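Asker: Annotation source TrEMBL lists disulfide bond at Cys75-Cys90. Under the heading domain 'TNFR-Cys', TrEMBL lists 74-116. Here TrEMBL flags 239-259 as region 'Disordered'. Annotation comment: TrEMBL describes 74-116 as repeat 'TNFR-Cys'. Per TrEMBL, transmembrane segment is recorded for 206-230.
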Amino acid sequence: MATCSRNLKVETGVCRMRRSLFCAVLCVSVLVTPGTCCLSKEYELPGGQCCPMCHEGSVVKRDCTPQSGTRCVPCVDGTYMDQPNGLNKCFPCSSCDQGRGLFAKQNCTSTSDTVCDVIAGHFCTDLIEDKECRSARKHSDCEPGHRVKERGTRRTDTTCEPCPAGSFSLEGVNCSLWTTCSENQVEVKGGNLTSDTVCEAASGRLYWLIPVPVVVLVMVLIGTLVVLWIKRRNQEKQQQGPRSSVASEEELLPLPRLL
Ligand SMILES: *[C@@H]1O[C@H](CO)[C@@H](O)[C@H](O)[C@H]1NC(C)=O
Ligand SMILES: *[C@@H]1O[C@H](CO)[C@@H](O)[C@H](O)[C@H]1NC(C)=O
Ligand SMILES: *[C@@H]1O[C@H](CO)[C@@H](O)[C@H](O)[C@H]1NC(C)=O
């Protein structure tokens, strides 16, 4: 039968008979290209003749003639053909768009298309035939006050859940229990889903006492000056009487001008 189909030039009456018998029986069978009477590894010309197909990685350059078989050419770079065929052009290789969260897991060859996969940290949003991904998106983050319930995979996005009672989460990854203030601390602010309890040292509440020593110091200074001034005035009153010939050292100092 192979001789009948592959060598048109030796298509004898017997062959023709065999072919039509074959067609009658098998035209609907999978062995035969649907709608034609050619065998599975053959393609049909418009005139109804059958030519042997080109192999994977190549396409037809010239159909077969009664004198010669099919002439095939290999696919050039950037194109591929992954099946036996009677086509004139190779298929263009797919590209894996980084902007769509994809990378080439397997480069294009003359016999197979590029195989794209999802970049780490992304998940597929457009899966074809349960294996090839056409587009992917970055895993979502959970909101503050939530935590990651299940981490994203190549196929699924992150799932989140709110923090359990008594805990909080700043980043939306893990929840931490609220801090319990110790005995010598006071709770300044209660915790909520997104922030921890705020504790403060109990002595922290006495901060207002800090200016007290300053005020006392200033008052002592003023008091001292007042006492000095009074003392000086008394000395001057005494000197208004019998004038002393010896000037005390104190007299040479200028009077405090503060008062
Ligand atoms: C695909 O080809 C590029 C360069 O053409 C190369 O950098 C890369 O490693 C190849 N990838 C695989 C999976 O072979
Ligand atoms: C969250 O918790 C997990 C498991 O308890 C841990 O492996 C991970 O490092 C934590 N992540 C952050 C950001 O704290
Ligand atoms: C939680 O507390 C923080 C700081 O006290 C505040 O800014 C925030 O609005 C609170 N959130 C909720 C949900 O109450």
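Glycine is treated like the rest: Cβ placed from N, Cα and C.
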Asker: Does Cys75 (disulfide bond) have same-chain partners at least 6 apart in sequence with Cβ under 8 Å from its own Cβ, and which are they?
Answerer: Gly57, Ser58, Val59, Met81, Cys90, Ser110
Asker: If you run through the domain 'TNFR-Cys' (74-116) with DSSP, how many residues end up as helix, strand and coil?
Answerer: 3 helix, 13 strand, 27 coil
